[in-house]
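Feature annotations, courtesy of Swiss-Prot:
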- 130-224: domain 'Rhodanese' (DOMAIN)
- CYS184: active site, cysteine persulfide intermediate (ACT_SITE)
Amino acid sequence: MAKDIRVLLYYLYTPIENAEQFAADHLAFCKSIGLKGRILVADEGINGTVSGDYETTQKYMDYVHSLPGMEELWFKIDEENEQAFKKMFVRYKKEIVHLGLEDNDFDNDINPLETTGAYLSPKEFKEALLDKDTVVLDTRNDYEYDLGHFRGAIRPDIRNFRELPQWVRDNKEKFMDKRVVVYCTGGVRCEKFSGWMVREGYKDVGQLHGGIATYGKDPEVQGELWDGKMYVFDERIAVDVNHVNPTIVGKDWFDGTPCERYVNCGNPFCNRRILTSEENEDKYLRGCSHECRVHPRNRYVSKNELTQAEVIERLAAIGESLDQAATV
């Protein structure tokens, strides 16, 4: 059965004059054609994921390709049965990718148009995965890695991408003299991060051109050597990559069983992304810790209108109580 919705993933590092006004004009156009999605605009370029029917997405691609400097922008296209977004957002930011360094400033930032790692095709990247002398580094957030990753890729001990440069500096002696290849969802983070690694003194740095999204669609590699699913920042949450021998690597936060279902912790002040089944979400009140389960603003409790007696009953079932000491 034909799928009616297309999801477009794209980015482009290119100077945008008066980027704030560009963002406002871009939002107006997107709304005028009924497009849904999330787009970041900065002086350094544009990064977005949008969705709509064939006619709407075609209008959008034609519009973007008509803009100065964006004639060759590369859209990665998925076909889906449902919209990937509920609303349309276009926001101006100082950068479309922020490295999060204390010594980083916007005037002395990495410009991928000048400094970036060598581009690797899916075939070349697969060869790198099989090369025991090559270090493969996942540059994404921890919860993205936990849902799926390339076989043998290093999972940095970080929570999010902004912590990665410091982690690399702290572990410099492990990688400095080796070939390092990096990857991310669509390529936008790696463009800048691989450039930063080059500036740090790494001599042999490569990046997966087009990211995981392109690797999974390549007719030759067909996503092989990818384990799990790819995390995406829209309503789909997870998409398939490996079309040869797919596996599940995600583990339920509470019992460690195979799982590919993400939810946010019920405590709005925590909001950690956790993998869990519906059964365990109910059992543990969607709280990643005791403190989050008993938090007075637990969203799971309020959404399901649980009484205090019901909360106490569920806590007792897992050996906890309202007044016990926090375990985090």
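If you go along the chain as it appears here, the first residue is 1 and each next one adds 1.
Placed from the backbone N, Cα and C atoms, the Cβ positions cover glycine too.
Since the structure is predicted, the reported quantities are computational estimates derived from the model, not experimental observations.
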Practice problem: Could you break down the residues of the domain 'Rhodanese' (130-224) into DSSP helix, strand and coil, giving a count for each? | Solution: 41 helix, 18 strand, 36 coil
Quiz prompt | Mean of the pLDDT scores, which run from 0 to 100, over the domain 'Rhodanese' (130-224) | solution = 95
